[in-house]
Every structure is written in C-alpha cells, then in structure tokens.
Amino acid sequence: MTEDNVELEARLQEQEEFEPPESFVEQANVSDPEIYDEFDENWPECWEGAADLLEWYESYDQVLDDSDEPFYKWFTDGKLNASYNCVDRHIDEGRGDETAIEWVGEPTDEDNRTYTYAELQKEVNEFAAALRAQGVGEDDVVTIYMPMIPESPIAMLACARIGAPHSVVFAGFSADALATRMNAADSEYLVTCDGYYRRGDPLDHLDKANQGLSGVDHDTTTVVVERLRDGDGFDHDLDDDQHSYADLVSDHEGEEVEPVQRDAEDMLFLMYTSGTTGQPKGVKHTTGGYLAWAAWTSQAVLDIKPEDTYFCSADIGWITGHSYIVYGPLTLGTTSLMYEGTPDYPDRDRLWEIVEEYECDQLYTAPTAIRAFMKWGSQYPEKHDLSSLRLLGTVGEPINPRAWKWYYKHIGGEECPVVDTWWQTETGGMMVTTLPGVKKMKPGSAGPALPGVDVRIVDAEGEEVDAGNAGYLTVQKPWPGMLRTLYNNDDRFISEYWQAYSDPDSDNWVYFPEDGAKIDEDGYITVLGRVDDVINVSGHRLGTMEIESAIVGVEGVAEAAVVGGSHDVKGEAVYAYVITEDGYEENDELRSRIVEGVEDAIGPIARPEQVVFTPELPKTRSGKIMRRLLENIANGDELGDTSTLRNPEIVGDIEAKVSDD
Ligand code: WT7
C-alpha cells in the first residue's frame, strides 16, 4: 500500500457515517425525505402505492382488514396473477424483447442463456400447460427442488400462473429434508433436475431427489429438468410417474394458459424455515400483499429500474431468491441475473467477472460472502471494471463495520450506497434498512425501519428501551408482505410470533421476529442476532433442535447439545457437544458418522465445525442444558458464573477439549 492509501484506509476505518452519493440521489427512485412522515400520517393507505405497482384484474375493496387479528388481510377482494405481473404485462407494455433473465452457468465454457420477456412467457406457458396436464390444479402444492437454473423461476411462475402454490426446497438440503417438507405440505408434485455443476463437476441431484421421494408418504408425480450437458449425465431410468421436462414442454409447444385470477389473499407459496422446535415451519405468503411488498421494496431500496441489470447472488431456494431474484425484479420488468455456481470457481474473481461482463447495476449479496471476498483480498475485484455498479446490498446477518467498509470501498468504489437490509422469511421482504436515496448510512447498523413500518426495540416487559440499550426487536403494525400463518398450524403461528408481546385483551398485537437489537438517537437499528435456538450459518437459519435430533439418531450417541460459535467467514458455525452411549468409543469413526448423520438429515450446510465428546453436559439444577455456557466455550469467551450448575466441574473439562482441537 502507498502512504496515501494507508491514510485513506485509516480515515475510512474511523468514519462512522456516510452520506449517499449525490449522483445516486439525483436518479434515485425514492429521494424525498418526506416519505417517512407521509406514510405515518396516511397509514395503512400509504400501501396503495405498493399495490399500484401491480396490475390487477379487479381492484381491492379495502387496503387492510384487521377484523380478525393477528390474521390480517391486505388488499381484500382484489384479483391478480403473479405470473401475469412478472411476465405478460411487460409484453403488453411493448417490452417483450427486453431481457428478463440472464443466466450464467457455472462451467466457463458453456454459453449463457438469455430469456427475453417474450421467451419467458412462452416457456412459462408451456410448462404451466404441462403441469396442468399432469393433474396439477389450483391450490395443489408443487414442490420445486432445484438449483440455480432458469427452470427454477420458470417452474415458480408456471405454478403461479395456474394458482398452484409452490414450495421451493433448497437444492443443498438433503433427501430427508425434502421428504419432510413434501409430507408436511401434502405435496403430490415435484419438479427437480438431473444434476448441476459444482466446482467444475457434475453433481447427481436426481439420486438425492429419488431418495427423498422414497420417504414421501403419498403418491407423487415428478418432472425432471435436464440440466446436465450431454456426456455428463448419470444413469437413471425414470419411473412411470416421472417425466422429462423437455418431453413435456415439447408436447405442449406453443400452448397458452390463461393466468388464473387469484384473490389477493390466496396463497402464492410456502417456504419452510427453521425454528425452535425440530419441525420446520411452513411460512405462508399470499399473492397480493407479498407481491406488492417484493415490488415496492425492490423499487425503493434496491432502486431497480426496468433498464437495469440486477444481480442477486442468493439462491432461489431461500426467501431472498424468491423476493429479490424472481418476484420483485420481474414485476418491475428489469433484467435479473442468475448465476449457477460459487464465487470462487474457477477463480476468486468470478462474481467480478460477471459484474463487468454484464455491466450489472446492483449487487445484492450476504455478509458471509463479503467476509470471504475480504479474506481473499482486493486484488480480485481490482482486476475488473466494476464501475457499472450503482448500488450494493447485503442481507442475512449483521455485517460488521470493517466488512461493510471493505464492500463500500473495494466493490462500490466509494460511489455506491450500501443497503444493509434486515428482514426474514416471514416478513416477505425488507423491513429495516436505509432508503439509499434519502438516508445517510452507518456501517454496522441496518438503519431505520422503512416508511410505514413500525419497529420498536423493547425490553422483556414490552417497554421501549432507551437509545443505546439492547432489547428485542418488535414490529407493532402489520405490513402487506407479512406471513399470513404457518401452513395448517394457526396455533403455532400465534405462539411463535404473537404471544411474547401482544396484549389481546386490549387488541394490541405485536409481531416478534426473535431477534435482539438496539436503537440509536437517530432511530437506526443495530440487529444483534437471534434470541431463540436458531443459529445463522452463512446467512442461513438452522434450528439447533433439528441438528440435535439428527445427532441423537446416530448409533452410539446418547445425548447432544448444539450451539453456534462465531466463525470468521460463516458468521456462526455449528458446535456439537455429544455424550456417547455406554460401550461406544469417543473416536473419529463416530465423529464422522455424526457429521454424516447431520448431512443426511439436513444437508452439508449444517455440518458441525467441531464435535466435542463429553461425559456430561452442563446442566442447571432443574436439568436444563446451559447453552449460553456452551456458546461461551465455543467462542473462547469468559464463562461467567457457573455456580447455578448441578455439575460445574464438567465445564473445565469441556473447555480443555475444545481448545485442544
Ligand atoms: C434472520 C432471518 C432475510 C433473508 C435471508 C435470511 C437475520 C437477516 C439481517 C441483517 C442482521 C439479519 C436475522 C433474521 N438477518 N438480515 N441485515 N442484519 N441480521 O432469512 O433465513 O428467514 O433469517 O436472519 O436474525 O431474523 P431467514
């Protein structure tokens, strides 16, 4: 580094606030600071503007129906179709030749695939016709178990077209995880693929899907997309109830399917996510409110314009991919870029190569990726011209100021606002973040709540905490993108999200997302992390109970406790403390069976970083495992008071084992 650079770096590290660049503000979709007051004064009608971003067959009667709290309804009696909004409307508006999806496969010697809106319409129609011919009717749940290939959004939109809710299961999840989700949703249809590419090698995905299907407790029909190139395929014979995507689509060549008019409150999709118990939660999102939320936040926060090429590096198997690769960007008629592979294949500059080649305007990624980029070094982005970028975004977990500043400087060239967006699967879209054309940025803090979003940080009694103090994040007014319930489980919906801070007697309903946070004098919120038994590995939510039950299922394991320990790239990593059964040895063979057990039950993403054998777990006198203590051990932190333990002597032993490894 030159002396100038060192000085510059030091200045950047000290700077705590950043104004949005003038050049950005001038062209921003939202630049009027009055928007916050206007939305407050005009709530909930302020959300009409979001609904106006959509095309409706029939307009709604009421913006918000809160007659049955907390089962809120938005845009009641409005009729629309999400596939029409993401595809056909742009053709009707004369933009059929514009690019909808730009797809980059992982192999560098493979041609990219470009779908104009007109081409996307053709493909979505043909697949919708095929699904219907296979018996898929309105409200039948179709499971989509696919990686980052164009057929993923095509399948989602085909489902939306015929009013069949989709349930996308992340392709990295295991066969068991697929079966659990198909059973929970009573889903009789599966769309999957033969395989995909990871770090240059073809991966057999159908084998995993088939294993999953063997655990499904009802009859199913499967469609298999041919992703692998000739010569890379694996040997699989399709069963009678399995069909080739290519065959089906050619059988329905040129067919058109009239989009089904869905009620605003009809389910658009289900998405399973981890919670405190072992059973994943089926988060239900609707057609009107969700789509309006995805579109409005894409416009206001990501500043998406139809002429942009927008790149979100998330996977379609997570909510980020649903809202901010598919539904939001396509509703706005932009070009959404999808990349199949990892950021470090074939080299660590792959994303920067893509940004340069496709002249991307926005990049939306996760802190875990940014920390990896930082570790790899700025020489990788420096090899490329990233000047097309206008805005950067991050989501999934708190971002530390150092990583924020690195992103701002080395990717954004100090000329792009960075939006740190806090939200969840359940919220449907962004909730807390700066409006990039209006608000200054404070690295490490996501920002104020969006206009019209009522976030308050409260103590255990529900009283607002003073600026600077830690408390719990709550949302005190409903919003259009909110989940409507947990699939087939209204009781759990209430107990998970509404019980903690609501006062039903006085009709005061408060949503609790189970995050800790603090707020400063300017109303900027710093999210501190989950307060439930959920850990956040690389921005992905994993329930400790789910992992524990997988470990306890392994032969030779008597008891297990799983906690998150901090990790410099993943954010958090899985630490498993295991008690063996009598007669079993604490050895590497058992250790690898435990790791395998977790991979089989959930997927490689939940793989324990460390498996620590111990004769006992630290327990309170009432028999509760002291997780906090296990977390402190994993992090090498001070242990604090252990006097309430029944077995304080065990703590030192466990600590010694962790630091030995
Ligand atoms: C949990 C939600 C939102 C899509 C991806 C994850 C954490 C998310 C941030 C952020 C701090 C964040 C929270 C939240 N989280 N974004 N910008 N700053 N924490 O969705 O799997 O539903 O996880 O991720 O803990 O509750 P998810």
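Sequential numbering from 1, following the chain as shown.
Cβ atoms here come from the backbone N, Cα and C positions, even for glycine.
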1-29, 320-348, 378-406, 581-609 - the one TrEMBL records as region 'Disordered': 1-29
Averaged pLDDT score, the domain 'Acetyl-coenzyme A synthetase N-terminal' (34-86): 98
Chain residues outside the region 'Disordered' (1-29) and at least six past its termini with a C-beta under 8 angstroms from it: 299-300, 303-305, 390-391, 402, 405, 408-409, 415-418, 434, 436-443
